């Protein structure tokens, strides 16, 4: 097979062609509509992870058993994470066997069922069951939405379209805080907050019935006519022929090579171990540096800072969620300009500074020595705003860097035969880390105090900075083959051919 290097990434030929095609594809309502509908899964993902933070304030008021039991509060939050781990673990298999469309429909059913169970819950344990159902939907959607978008998107705009799923997640979190604030004065407050998630799930379910299956999945399942019919809605006749030829060639190569890989290979191969260590480490540090602690418990943290009104706590948390969504847009813009490694290091440096500010605000607030010589009210009020400022600064630094970077890096550092397995294992590390943080945060606060807890997270962020500096290479502008060679060089030293391959790097 002959490859025209003028169309390879980084060449002027591709950039000129892509520049013209981008505008056409962004005007294609079919492509944008498909991406928007699939992105509702990301929206539901974000909404559910955000809505529980506000609902928990009112759940504690209605159920005395929850109010007096930090472990039960953490279980209500983290049960969805357990469901997400199970959903993500099974979601890959469901996608491969039954397709992206049916997987999305299943996720919607889990979302709707879980939302209705939570809305009607007569006690905390039924509520926990509903959280489990919703978590299953979150896990399946987190696997399905980006794959469905990527397999239908033109290559010229695939990165931007797939990145909209990350934006939909943060947008869903923002909307959840808006809903939390809007239902503060409505009878049955938390039931509306949790139950309203059934609406977008039902909307996506109905819309997905009118959308096609992924063309790549159809082609692999030997439903070539259906696959080509979908591609005809995306490409003109000349490009359609090119895409079908590439799809046929890819399928034939996959059939001839019969390269399936195994999980044991990941631990036997030194270069795979290094790549997985970097990818899984990034996913773990994304959670252990505290982002979902902030998103799940931000109203509670704001109340810890001295703002006792539920409505004011939710309003301030709404601002935090808006900053998270805005920061994600900034990250999407910067990640291919500044590079993954530099963006992550800058992000982590800011995270450390903001966490220290946040910790000191809580430590000073609880200091009886400081308040003996001042008016208690004005002292606590000033430090409360100081804590909120630290929280906002944390989001401003985290969201553009450590938000998107782990997912971007994990999508490009593994060889083709192991990309799915390693990516899935890294995502599982993310969910497990997420569960650990959600299940232990309030308990650690109860044991050592709020300020020291944030100092612990700041220390973890320092370790994350060192980890990225030592073990995460820059992958900006490199092809998959160049990245694979880079890992081999890291594992076995310079083999003499690195310069010839990297010389073609953009």
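Glycine too: its Cβ is placed from the backbone N, Cα and C atoms.
Note that TrEMBL annotation is computational and uncurated.
The transmembrane segment feature in TrEMBL is assigned to 30-59 (among others).
If you take every residue in the domain 'Major facilitator superfamily (MFS) profile' (34-476) and average the pLDDT, you get 81. Per TrEMBL, domain 'Major facilitator superfamily (MFS) profile' is recorded for 34-476.
Residues 48-49, 52, 56, 59-60, 65, 103, 107, 110, 124, 127-128, 131-144, 296-297, 420, 424, 427-428, 431-432, 434-435, 438-443 of the same chain, all 6+ positions outside the transmembrane segment (71-93), place their C-beta atoms under 8 angstroms from a C-beta of that stretch. If you look up TrEMBL, you'll see 71-93 (among others) marked as transmembrane segment.
If one looks beyond the transmembrane segment (105-126) by at least 6 residues along the same chain, the residues whose Cβ comes under 8 Å of a Cβ in the stretch are 41, 44, 48, 59, 63, 65-66, 72, 76, 87, 91, 94, 132-138, 140-141, 144, 191-192, 194-198, 201-202, 204-205, 208-209. The annotation transmembrane segment is assigned in TrEMBL to 105-126 (among others).
Within the chain carrying the transmembrane segment (132-150), a Cβ under 8 angstroms from the stretch's Cβ atoms is held by residues 34-35, 38-39, 41-42, 44-45, 48-49, 79-92, 94-95, 100-101, 103-104, 106-111, 113-115, 117-118, 158, 161-162, 164-165, 197, 201, 214, 424, 427, 431, all 6 or more beyond its ends. As annotated by TrEMBL, transmembrane segment applies to 132-150 (among others).
Look at TrEMBL and you will find 162-183 (among others) tagged as transmembrane segment.
Tertiary proximity for the transmembrane segment (189-211) is limited to same-chain residues at least six positions away from its ends with a CB under 8 Å from its CB atoms, namely 34, 37, 40-41, 43-44, 47-48, 51-52, 54-59, 62, 101, 104-105, 108-109, 111-112, 114-116, 118-121, 130, 134, 137, 176, 179-180, 183. Annotated transmembrane segment per TrEMBL: 189-211 (among others), in sequence order.
Annotation comment: TrEMBL describes 274-297 (among others) as transmembrane segment.
For 312-335 (among others), the entry in TrEMBL reads transmembrane segment.
According to TrEMBL, the transmembrane segment annotation covers 342-364 (among others).
Among the features that TrEMBL reports, transmembrane segment is placed at 384-409 (among others).
TrEMBL lists 429-448 (among others) with the feature transmembrane segment.
The feature transmembrane segment is assigned by TrEMBL to 454-472 (among others).
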In contact by Cβ distance (the transmembrane segment (162-183), the transmembrane segment (312-335); 3 or more pairs under 8 Å): yes
Distal contacts, the transmembrane segment (274-297) - CB-CB under 8 A, six or more residues away: 49-50, 52-53, 77, 173, 266, 320-321, 324, 344, 348, 351, 355, 391, 394-395, 398, 402-403, 405-406, 409-410, 413-414, 422-423, 425-427, 429-430, 433-434, 436-438, 441-442, 454, 457, 460-461, 463-464, 467-468, 471-473, 487, 490-491
